[in-house]
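Residues or ranges marked as ATP binding site by Swiss-Prot on the basis of sequence analysis: GLY15, PRO16, MET17, PHE18, SER19, GLY20, LYS21, SER22, ASP89, GLU90, ALA91, HIS92. The active site, proton acceptor annotation in Swiss-Prot covers GLU90 and is backed by sequence analysis. According to Swiss-Prot, the Zn(2+) binding site annotation covers CYS146, CYS149, CYS178, CYS181, on the basis of sequence analysis.
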Amino acid sequence: MYKNFNEGMIEVITGPMFSGKSEELLKRIRTLEYAKLKPLVIKPEFDTRFSENEIVSRAGVKHKTHILKNINDVYFLLQEDKYKAVVIDEAHWFNEELVKVADDLANKGYLVIVAGLDQNYLREPFGPIPNLLAIAERVTKLQAICVKCQHAASTSFRKVAASEINLLGDFQEYEARCRKCHNAGQKEKLQKKV
């Protein structure tokens, strides 16, 4: 997984909803634990979809996690034990401070692995992930399957009429779509408004 991991680095796992980001992150956690590199696993307080105190993949794989409201609280947790890595799921719900914290932790020698959406439902850069991508040593961009045409999907299409950017949801609110089908869906939504 990593060649000569002996210094800090940042890895970002990104892609649309339903692409397996949490599953990929859980694989990284298992590898770290197998190698006796203890990870501090966290997620934002905002993410309560499947569990309040666990990362849960759609395949049902789970791992206990610490819940943080403020990403700077990670420094207090790091004092509790000899962690070698910091693993963050649903990182797009943290603010831009995450970029500074991740960079600082990597500079201090931690392996920082972050999973989150890089785009919102409008296909615009979302949260801190785009800036993390710029400073990451390793990037894994996953794809889902478009529910309309079954081609590779790179976007999360919002099916409901809500306009706020931060809308927690799952299959009822979102679906994976390719660029073409996403654009067609957005056009259809606009026509319904008229």
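Including glycine, each Cβ sits where the backbone N, Cα and C put it.
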Comparing the binding-site residues ALA91, CYS146, CYS149, CYS178, CYS181, which residue's C-beta has the most other C-beta atoms within 10 angstroms in this structure? ALA91
Could you say which of the recorded positions ASP89, GLU90 has its Cβ with the most other Cβ atoms inside 10 Å? ASP89
If you measure ALA91 (ATP binding site) to CYS149 (Zn(2+) binding site) at Cα, how many Å is it? 29
When you measure from the Cβ of GLY15 (ATP binding site), which residues in the chain that are at least 6 apart have a Cβ under 8 Å away? LYS21, LEU117, ASP118, LYS141, LEU142, GLN143, ALA144, SER154
Same-chain residues at least 6 positions away from SER19 (ATP binding site) with a Cβ under 8 Å from its Cβ, in sequence order, are LEU142, GLN143, ALA144, ALA153, ALA176
In all the protein chains shown, the tally of other Cβ atoms within 10 Å of the Cβ of MET17 (ATP binding site) is 21
Nearest to CYS149 (Zn(2+) binding site) by Cα distance: which of the recorded positions MET17, ASP89, GLU90 is it? MET17
How many Å separate the Cα atoms of CYS146 (Zn(2+) binding site) and MET17 (ATP binding site)? 11
Inter-residue C-alpha distance, CYS181 (Zn(2+) binding site) and ASP89 (ATP binding site) (nearest angstrom): 27
By a three-class reduction of DSSP, ALA91 (ATP binding site) is assigned helix
